[in-house]
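K.L.:
Can you keep this structure in mind? I'll have questions shortly.
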């Protein structure tokens, strides 16, 4: 810890500081540029998907409606974390007040939970499209799609509010206010409490099961039916397209749920704070970056829509 850091001042209202990645200025500059580049790529890639879906009529289907919502979530999700993270890479540790830490945790948990629920909704959409193609438009109506997205957000808001308010009723020890992380995530903040946290840890596991385990099981069930249906498709081209669409979604699912489960569902005795911070880098940067790459590089409709939008924009600018 840096000498004279504000974390050592135990008077005044509670504040937190984030542990720095490195104190070497050259490495700080490299990390800043790397994370800034990844953040800009996430913003550009996900914004491109939202733009393509909103401006191209051929993409106004339930699948792309959910994909655009997922991309919008990724933009918000990373924007809750990365700007503050970048500001703390340079120089001395900058304190964040208790209310600011609570706000970041609330939005981070809300958006992350909505992300997980939405991936389960997307699996259900693929199940209906492949297993019940003749009834797809009757089942996946615009009203139902909006209700499912709103339900995912509403449930995430409820769980996040309960968890965050419970955690920030705890007292925090003054000399342990340095968070060994780059954001106010639940596990590292819980470790700073000056009280018994067994109940809070149990609540975290329950929320983790509701947000991670239950949606993941629903996705597994959906894909069991999907795989069975795909194997019955006689056309080789039809099987290829179905597997391509589903494998894109599964790649994002396995990375998201796998990394989050390692942080939130492992027993505390088997985890280290440094490991949690490294894994958190994956679901903060890698997953939001892979989402647009996977869906655009492996999806002909999205690539065609983006190409058409770029050509139309260039043509209008030259006129």
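Our numbering is plain: 1 for the first residue shown, then up by one each step along the chain.
Just so you know, glycine gets a Cβ as well, placed from its N, Cα and C.
Quick caveat, the model's predicted, so the values are computed rather than measured.
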K.L.:
Checking feature assignment: transmembrane segment per TrEMBL, candidates 278-297, 298-317. Which range matches?
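P.N.:
Checking TrEMBL against the ranges 278-297, 298-317, the transmembrane segment one is 278-297.
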K.L.:
Out of 5-28, 29-52, let me know the one TrEMBL marks transmembrane segment.
P.N.:
29-52
K.L.:
Could you pull the average pLDDT for the domain 'G-protein coupled receptors family 1 profile' (45-295)?
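P.N.:
Computed over the domain 'G-protein coupled receptors family 1 profile' (45-295), the mean pLDDT is 88 on the 0 to 100 scale.
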